[in-house]
């Protein structure tokens, strides 16, 4: 293959960026380059992957698996999961005992239902895991370019890539493994990487190769390439890497800036070459993953406790029955001549009553098994699958833009959706789409921009509504967000004077990143302003102070900007719209085209870049030093906060504007400049170069110190205000979840400033909220003593813990002493501090503080830390947690949470494949929880309670009759009655209860979010309610048995004088049970569909049809039930009278209970049902609005809380203004 020569990009960022410094080069014998200790023993032979096996270096393959089972483990693990259910264990034992002669039932009748239930559940698990396997295969079979030798690259599946292989990755492709960057399409060996799947950030990161490998610029250059890497063992740390690279008998130190991690994406770079270091499950992204857990809902676990209770009841009554049988066998059976006591067996032996009692105990345990219905699990599985189907087919959770619906990937956790207490959310791709809109600005103390933010519009509308006294909407279904965000227009909001809100919509094409509207600055009109020179400088700062790269858009003309942050992109778009278009960047210059009016031709100006001072969280500034066309050296700064005495001319007005912008939910940034003379700059530049070339741990601190020396004595120009573009509906969703009483935590890999701004944008934070920052940034060790390094490091850890404990204690004290009822606290913590906060001796205190705060934001956290925080909240609070994210970096917390929700966005499917539910946008979480969660929880809770009620009512009648007949082991019911009771006659009504029941409609659920709290408070499945239903079943069984026995015992059954036999009594009792339980389920239901009516009525009709057909069959089949309905029961008035009487008496207590509750102690949904039934929501809109306002949990977060705070502020301002007026004016 001939040598391929490719044109390489010419931009050398090492001369521009502050992170570039001299690379350390040492000889092979240099001790400092060696990696001692067992933790750093990995040896990688570059371009010689076959050597690893020969040298017994066995590294993991690049094949990955996220499945829960495999071919070998499926059967044992799936069986284990099934027999974790207590009822299944009981029925397994019962099935084994049914093989013995003492069983009252045939083996098939016990084994077949168990096999069906367990097999069905295992098939469902297998299907769900198969889907994960298919997705894994899609990833493993992606293709990449791998060097096979002689300078030739071939396509291989990802799963076939080995450690040591040289890989070529092209633009917009993912890295198939963890790589050492060797070279790129840029001459300087830099490349742009998007790490969204790792840390959630969409901002591009810049990686650079070692200078020694820059010559490896095309395929043929790797023909004879070899080298050796010695580095750390596989670990989950995304931000660290320790190793060295031996090449051409020289040793080069490696750091994280040369490492490209799996699942990152190459951006804005034509291609890179790299050598594989970690593969498959050794890669850092997979090291951060956790095993797929087997999750069970709290209701299901509680159901096990109920099974224990029922099993105890079963054992108790079986013991009573066996003891009673043993006593009667010993003392009474010899006198019962009709039982032929002389002919005995071990089960009926008066001489050995204890043995007979033991045998009878086993018989009773099987006979009374109807107390623990095996059909419960089958019914629940069916109901959950149907519930999941409704979730999947909900058109209101269908995203038309990408064509994806919501998906319930597992149906095991439907009811958990209605019990969530805390939501832990990723930021990037989940809450945000990382799009900023330039909305307002302040220049020379004058505020520009007439459009209002969403916060301002909502506050104005609400105040206007209150002032006019008109309802929000005549139908009571007003969405306060509707119309809040006009595409373009001007807003005139005069809140203090007349409280008016006027939004004029204009038909104007949308400009991404630019929503500014003010004719004073647009179309060159700024040149007419009295402060035109300052405005010119403001625009130039926007166009020049950045690190972006312009890319020409050949289709529509103009430029697209690849910026490190969405803020930068918005500033550049704004500068372009104002007439200052950034058009070109070279190694040493930036070019902008200035156009002051439409009639003028643009003038291209060149500015020489001298230095670039990058933004970081410590300085909170970003600056560029450049030389203009006149030769003047100027420093332009974004984040200007250190002003000179002469630079404070506009400080007062600008500060006021910044406050107003912040209150309106906008992200603000002050702009300033400073003119430098040659001598001052030359002296400072020498210090700066020295700091840049420093080698050691304090290099960044040195660069910050020198940068800080220059970024002072600034002259304030103005400030910007951009609106962070969240994903559609995110603020509304957070607001609704907050009103529903949910706590929301944000866990992000972003820097703290970005996270805080997002917090403000989605109303997790607001102006006036007191922020508690936990940070140990100053706890680092600065000693260089090599002999005391380890000891001092331990001391530093201890000091950091003590410092953090003190901060937590002080925060507790501050919250305790707060007297303002409207005060709210937000906890903000970074990843480094979180490392200490999650340790055993601090995590409980940290959690207590976090729970006391209205919102919690964790910044710069790794995927493993996300999982650990989720585990802490889950285990520490003991409440249901939900984690939601969209990237591979969120898999750990999604799997750790009680419920994992994946966002099926554009960046991979790792989060979705690890999730329990998937949605395409965060806003659908509102409906998933508040509507489907509420419904599913209540349906499952009512269904299980009713199931136990009906089986207790049925099962105890068997015990009572057996006791009534001398513990004979005789069942009053025909075998077919008992088989059909759960399988046919009462199965479908209870399934319809679990599938179709609605206490309120979906619209009402969203209008009354406080209804959701019924789930977290467990109102419908607490022990009080469970025991109440058990006693209801006990009461019904007593009434059904004893009322029937007494009525039939006292007189003739038919007109001819015949008394009732056991078959007639049993059929009548069973008829009473069928009627009683079906009337009971009808009383439970709040929402009737034709399906429910059909199945409830059909259950009763089916019983009569069965009894009719069964009675018509041969006496060989029907036995004592031959012609029972036609000849015995149908013509007997007593049968119909008893059925009506027993059914009424059984259900009177429930009717009394529900009547008293609705009248004197109504629940929230009872009140709403009454209002809707009498149509008061239409006739009395004020009352409906008042009830809706009550149905909000008190919260300090969310858009509503933010608007309330804004309203309090405006009303206070109006009150102060009125108070200041002279008395006669008032």
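Here the Cβ of each residue, glycine as well, is placed from N, Cα and C on the backbone.
Summarising the annotation, TrEMBL assigns signal peptide to 1-24.
What TrEMBL lists as transmembrane segment is 86-104 (among others).
What TrEMBL records for 110-127 (among others) is transmembrane segment.
Residues annotated as transmembrane segment in TrEMBL: 305-328 (among others). For the transmembrane segment (305-328), same-chain residues at least 6 beyond its ends with a Cβ under 8 Å from one of its own Cβ atoms are 85-87, 90, 353-354, 356-358, 360-361, 364-365, 368-369, 371-372, 944, 948, 952, 956, 959, 962-963, 966-969, 1026, 1030.
Per TrEMBL, the feature transmembrane segment maps to 357-378 (among others).
Annotation source TrEMBL lists ATP binding site at 426, 427, 428, 568, 615, 638, 667, 748, 749, 750, 860, 866, 889, 890.
Summarising the annotation, TrEMBL assigns domain 'P-type ATPase C-terminal' to 912-1162.
Positions annotated as transmembrane segment by TrEMBL: 940-964 (among others). Here the transmembrane segment (940-964) has long-range neighbours at 299, 303, 306, 310, 317, 320-321, 324, 364, 367-373, 376, 379-380, 383-384, 414-415, 970-973, 981-982, 986, 990, 993-994, 997, 1020-1021, 1025-1026, 1029-1030, 1032-1034, 1036-1038, 1040-1042, 1045, 1069, 1073, 1076-1077, 1080-1081, 1084, 1146, meaning same-chain residues at least 6 beyond its ends whose C-beta is under 8 angstroms from one of its own.
Summarising the annotation, TrEMBL assigns transmembrane segment to 976-996 (among others). Residues 109, 113, 370, 373-375, 379-380, 382-383, 386-387, 390, 939-940, 942-943, 946-947, 950-951, 954, 1066-1067, 1070, 1073-1074, 1077-1078, 1081, 1084-1085, 1087, 1089, 1091-1092, 1095-1096, 1098-1099, 1102-1103, 1106, 1110 of the same chain lie 6+ residues outside the transmembrane segment (976-996) yet bring a C-beta within less than 8 angstroms of a C-beta in it.
Within the chain carrying the transmembrane segment (1023-1043), a Cβ under 8 angstroms from the stretch's Cβ atoms is held by residues 306, 309, 941, 945-946, 948-957, 960-961, 964, 1069, 1072-1073, 1076-1077, 1080, 1138, 1141-1142, 1145-1146, 1149-1150, all 6 or more beyond its ends. The feature transmembrane segment is assigned by TrEMBL to 1023-1043 (among others).
Taking Cβ pairs closer than 8 Å, the transmembrane segment (1063-1081) reaches residues 946, 949-950, 953-954, 957, 961, 971-974, 977, 981, 985-986, 989-990, 993, 1036, 1040-1041, 1044-1045, 1048, 1053, 1096, 1099-1100, 1103, 1107, 1120-1121, 1124-1125, 1128-1129, 1135, 1138-1139, 1142-1143, 1146-1147, 1150 in its own chain, all 6 or more past its ends. Marked as transmembrane segment by TrEMBL: 1063-1081 (among others).
Look at TrEMBL and you will find 1093-1113 (among others) tagged as transmembrane segment.
Under the heading transmembrane segment, TrEMBL lists 1133-1152 (among others). Proximity of distant same-chain residues to the transmembrane segment (1133-1152), defined by a Cβ-Cβ separation under 8 Å and at least 6 residues beyond the stretch ends, is recorded for 953, 1032, 1035-1036, 1039-1040, 1043-1044, 1047-1048, 1053, 1064, 1068, 1071-1072, 1075-1076, 1079-1080, 1083.
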* Could you tell me which of these binding-site residues, 426, 667, 749, 889, has the fewest other Cβ atoms within 10 Å of its Cβ? => 667
* Structure fact -> Near the transmembrane segment (110-127) in space but 6 or more residues beyond its ends, with Cβ under 8 Å, are 68-69, 74, 78-79, 81-83, 88, 91-92, 94-95, 98, 103, 366, 374-375, 377-378, 381, 385, 411, 983
* Neighbour tally for residue 860 (ATP binding site), based on other Cβ positions within 10 Å of its Cβ -> 21
* Only counting partners 6 or more residues apart, tell me which same-chain residues put their Cβ under 8 Å from the Cβ of residue 615 (ATP binding site). => 621, 622, 638, 639
* Mean pLDDT for the domain 'P-type ATPase C-terminal' (912-1162), as a whole number? -> 87
